[in-house]
Amino acid sequence: MPKKRAVFLDRDGTLIVERGYLSDPAGVELERLAAPSLARLQKAGWLLVLVTNQSGIARGYFSEQQAHRVNEAVATLLAAQGIMIDGVYICPHGPGDGCECRKPAPGLLLNASRDLNIDLVHSFMIGDKRSDLEAACGAGAKGMLVTTGYGETDRDWAAVSGYPVVETLADAADLILGLGRLR
């Protein structure tokens, strides 16, 4: 079976509005232009995979079940607009736990690649933090910084490091779809 291309998406600050340690599904709000952008990518054949660090679990701020409910709320908002998330991968560990899944480690992307038969070399990771881009690099995917959420903080580092920097998910989709046509 041929491998598939995917767009990996960070959750907080990239796909949904950054709200700190979000534990209440009622606080889920999609970033501006997120839904139509993902619809375009999905229509073009890209898998959509959510990859998210949720250290609030390890810190005791909320339970893993609460984190899953927030992810379900994200999926429900997208499904209402005809968009299906193909996979959700969560790291419940804290920064000092030494796991393989917490971004910037590539574990979430590697696990999704195995589970969903993803071609990482031809896939993208969109996030608002340096750790998202480093996870992409470690997995062999292409990283892209979006300046929503905490993105402004790492804008200069990303640009100097050669990563594309975009303002919105719509800009990211434009770039991905444009590059996809070149292949």
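For all residues, glycine too, the Cβ spot is worked out from N, Cα and C.
Matching K43, K129 to the substrate binding residues that TrEMBL gives (D10, R11, D12, E18, R19, G20, Y21, T52, N53, Q54, S55, R102, K103) identifies K129. Counting neighbouring Cβ atoms within 10 Å of each of the recorded positions (T52, N53, S55), the lowest count belongs to S55.
K129 (Mg(2+) binding site) carries neither a helix nor a strand DSSP state and counts as coil.
Taking the mean position of the Cβ atoms of C91, H93, C99, C101 as the Zn(2+) site, the remaining same-chain residues with a Cβ inside 8 Å of that point are N53, P92, D97, E100, R102, A105, G107, L108.
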